[in-house]
Amino acid sequence: MNIRLMFTLIALLVLTVSFSGANSCFKRNRQCKGSFLKSACCEGLKCVNGRCT
């Protein structure tokens with residue numbers, strides 16, 4: 001029973017992380033912080049002066 005519960009919790013955690021990761025990029029003109037967060041802006045956009053361009 002405990003093993004099954006643990007497996008369910010791990011599965012939920014993995015789903016949550018993968019789902020939030022898919023929607024974590026910022027679209028054009030969204031605020032962003034610094035160039036070290038390369039994944040902050042969506043693909044093809046860069047963080048310039050605090051905005052994704």
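Backbone N, Cα and C define each Cβ position, glycine as well.
Database features (Swiss-Prot):
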| type | residues | note |
| --- | --- | --- |
| SIGNAL | 1-23 | signal peptide |
| DISULFID | C25-C42 | disulfide bond |
| DISULFID | C32-C47 | disulfide bond |
| DISULFID | C41-C52 | disulfide bond |
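Feature map: Swiss-Prot annotations on the structure.
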{"residue": "C25", "record": "disulfide bond", "DSSP class": "coil"}
{"residue": "C32", "record": "disulfide bond", "DSSP class": "coil"}
{"residue": "C41", "record": "disulfide bond", "DSSP class": "strand"}
{"residue": "C47", "record": "disulfide bond", "DSSP class": "strand"}
{"residue": "C52", "record": "disulfide bond", "DSSP class": "strand"}
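The number of other CB atoms found within 10 A of the CB of C47 (disulfide bond), across every protein chain shown, is 20. Applying an 8 A CB threshold to same-chain residues 6+ apart, the list for C41 (disulfide bond) reads C25, F26, R30, C32, C47, C52. Residue density at C52 (disulfide bond): 19 other Cβ atoms are found within 10 A of its Cβ, drawing on all protein chains shown.
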